[in-house]
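Visitor: Starting off with a structure, shown below.
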Amino acid sequence: MCLDDKQQGMVFNIQKYSVHDGPGIRTIVFLKGCSLSCRWCSNPESQKSCAELACNPGRCIDISKCGHCLTACPHGAITCGDDDKPRIDRSHCADCSIPCAEVCPAQGLLVYGKKRAVGDVLRVVEQDMAFYARSGGGLTLSGGEPLLQGSFAVALLREARARRIRTAVETCGMVPADTVREAAPHLSYVLYDIKHMNSEIHETQTGLPNARILENFRILAEEFPHLPILARTPVIPGFNDNEKAVAAIARFIKAYPHVNYELLPYHRLGTQKYHFLGREVPMGEVSLNKAVTDGLQKTALDILGERVQIPR
């Protein structure tokens, strides 16, 4: 089948040389859009499905020395702040993004998200074929929720496999079941987030209940039993950082012998991007005690044994 390069998706980053998002050395393609609104999200720029204008004031050379962005914005959404840096009025900004960011010589204004074709993305991915061959790596789709852009994600996976590239997806599972079934035959590996087994608690911190997430996990595990799955739980203070929550997830996973499990300690690496987007950091200054994570690792090990992976 010929590649239809008219198939496009909204991509906000392509990251090379990753060793934490699937086996071997991988290239991660980040797609925009997610149905969940997790308070701890480290990629806030991934949540909306459209391109977004952001401001990194540390790169701005000062409005008084430049000011191109003030006149470039067709909506009058950019003004000069007291610190001589741009201020974006989000109530007026249409996220057309391009005029303001294009005229910024220092990249103080930047755009998260760009329409890219399947072939364009895979040309970047193919640059590291030698690394994939030696390490067992390949392409990982991430986000956001990559399967929310269902047809584009499946087209990427299908074409990657046709080019002998191993494929993986990082998913929260909050997508239509048909999309899961369509993507699965083109996957070599799945990283699947299970955040909480209690649907009401899940909804308080992510915005949605978990029934669809758990059902899609069952679909993958039962209908595609030869597909390796790594279930992952981000350990979040005040949400699931307790033995009861982790034990419930581990017991759920135990029914599927080909599924491994990993706990991901909470971190604050994405906080700066919230500021770039003019948003408050939902989690504030909270942190996770390492002793808590170590205790929860033991809880998981007691239930799943060697199927528990310790983060590198």
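Cβ atoms here come from the backbone N, Cα and C positions, even for glycine.
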Visitor: Would you identify which residue of His267, His275 Swiss-Prot lists as part of the S-adenosyl-L-methionine site it also attributes to Trp40, Cys41, Ser42, Gly144, Asp193, Ile194, Lys195?
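Guide: It is His267, as the record lists it for that site.
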Visitor: If Swiss-Prot gives Cys93, Cys96, Cys100 as binding [4Fe-4S] cluster 3, which of Cys66, Cys73 does it give for that site as well?
Guide: Cys73
Visitor: Counting all other Cβ atoms within 10 Å across every protein chain shown, which of the binding-site residues Cys34, Cys93, Cys104 scores highest?
Guide: Cys34
Visitor: Roughly how many Å separate the Cα of Cys60 ([4Fe-4S] cluster 2 binding site) from that of Cys96 ([4Fe-4S] cluster 3 binding site), to the nearest whole number?
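Guide: Cα of Cys60 ([4Fe-4S] cluster 2 binding site) to Cα of Cys96 ([4Fe-4S] cluster 3 binding site) measures 20 Å after rounding.
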Visitor: Counting by DSSP, what is the helix, strand and coil composition of the domain '4Fe-4S ferredoxin-type 1' (51-83)?
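Guide: Per-class counts: 8 helix, 7 strand, 18 coil.
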Visitor: Restricting to the binding-site residues Cys69, Cys96, Cys104, Gly144, Ile194, Lys195, which ones have a CA within 10 Å of the CA of Cys41 ([4Fe-4S] cluster 1 binding site)?
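Guide: The binding-site residues close to Cys41 ([4Fe-4S] cluster 1 binding site) (Cα within 10 Å), listed in sequence order, are Gly144.
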Visitor: Sort out the residues at least 6 away from either end of the domain '4Fe-4S ferredoxin-type 1' (51-83), same chain, that have Cβ-Cβ distances under 8 Å to it, and list them.
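Guide: Those are 10, 32, 45, 89-90, 92-97, 99-114, 273, 276-278, in sequence order.
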Visitor: At the level of the C-alpha atoms, what whole-angstrom distance separates Asp193 (S-adenosyl-L-methionine binding site) and Cys104 ([4Fe-4S] cluster 2 binding site)?
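Guide: Their Cα atoms are separated by 38 Å.
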Visitor: Are there any residues in the same chain, six or more apart in sequence, whose C-beta is under 8 angstroms from the C-beta of Trp40 (S-adenosyl-L-methionine binding site), and if so which?
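Guide: Counting only residues 6 or more apart in sequence, the Cβ neighbours of Trp40 (S-adenosyl-L-methionine binding site) under 8 Å are Gln205, Pro234, Ile236, Phe239, Tyr266, Pro282, Met283.
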